[in-house]
C-alpha cells in the first residue's frame, strides 16, 4: 500500500503545481503568441508596400542640390548654410530614407509590436500604409489590456516575493538586535523562570464523549438513558468529524465529473485572486527605488556591449525611458533584435516600476488624507461653552 500511495501523492502534487502555475503561464504564452502574430502581420503589410517618389521628396532634393552648389568658403556665410540646411532637414520625412524591407523584417516588426502593447512607442518605427495604421489601432486595442493583465499577474508574484523577503529581513534584524541587547546571564535566568512557570501550569482539557461514557460504565441502570443519549451524540459527532477527503475521494471514484468541477473552481479562484497580493504589499518606497536603480544599472552595464554608440549613462537613460513607458525616441538602437532577447527583462522591469508607482500612489493618498484632515480640523468652528 505504501508503494502505491507514493506515486499517487506525487501525481496529486504535480497536478496541484500545474493548476497553480496554469493561469500565470496562460497569460505569458498568450502574450508571446499575440506578439508573434502581430510581427507576421505587420511585416507582411509594411515590407511589401510600394515606394513612390512624392512631389515633396523631389522638391527636397532640388533644394538640397541648390544649397550644395552655393556652399561658400567664408566662415560667416558657412554658418548661414548650416542654418538653412538644418531648416531643410526639419521639413524632411524620415520615411524617405527608410528601406521598408530592412526596417519591417520579422525582428523589426516584433520590436514594433512590443513597443505598441507596452505603450512605449519610441516613434522611429511606425506604420505608413492606411491598412497598417488601422490594424495598429486594432492591435493596440486588445494588446494593451493583455499586457496590463500580465503586468498585474506577474506583479502579484513579485509582490509576494518582496513582502516575504522584507518580512524575513525584519525578523532577522529583530533577532540580531534582541541577541545584542540580551546578555547571557540575564537570558539564562529568564529562560529558567519561563521553564519553571510552564512546568507549574496544568491544563485541564475538557473530557470527550467517549471518556464520559467510560466514567458512566459503573452507573446504575436507572440513569442508563443518559448513556443512550451519549451514544446518539457519538454517532452524530462521527458523521460531522469525518474527514472531507474520504467523502470527496468516494465521490470522485463514483462520479469523476465532481473532480473536474473542483479543479475548475480552483483555477477560477486563481484567476479571481489576480491583483490581491499587490494591494497587500507594504514595503518602504526607498527600498523599491533602490531595487529599480540596481535593476536598471545591470542592464545599462550590458547594453553598451552591442550598442557601441552608447555609454553607461546613455544606456541607463534609455532603460529608464523604456521601463517607465515614456519612450521619447531620441535614443535609437542599432541592433533592436538583440534587445528583444531582453523582453523578459523589460516585462519584469515594468512590473517593478508599476509596483513602485503603486506604492507611491498609496503614500500620496495617505499624505492627502492627512493634509485634508488637518485643514478640516483647523477650519472647524470651536465649540462654545455656555454658563449654566
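Sequential numbering from 1, following the chain as shown.
Glycine is treated like the rest: Cβ placed from N, Cα and C.
TrEMBL annotations: computationally assigned, not manually curated.
From a predicted model like this one, the values you see are computed outputs, not experimental measurements.
Feature annotation from TrEMBL assigns transmembrane segment to 17-42 (among others).
According to TrEMBL, the feature domain 'Potassium channel' maps to 95-158 (among others).
The feature transmembrane segment is assigned by TrEMBL to 106-125 (among others).
Taken from TrEMBL, the feature transmembrane segment applies to 137-162 (among others).
The transmembrane segment annotation in TrEMBL covers 283-303 (among others).
Feature annotation from TrEMBL assigns domain 'Potassium channel' to 291-361 (among others). Taken as a whole, the domain 'Potassium channel' (291-361) shows an average pLDDT of 87 in this prediction.
Per TrEMBL, the feature transmembrane segment maps to 338-357 (among others).
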> Going along the chain, which residues at least six beyond the ends of the transmembrane segment (17-42) come within the CB cut-off of under 8 Å?
Replying inline: 104, 106-107, 109-110, 112-114, 116-117, 127, 132, 135-136, 139, 142-143, 146-147, 149-150, 153-154, 157, 263, 266-267, 270-271, 274
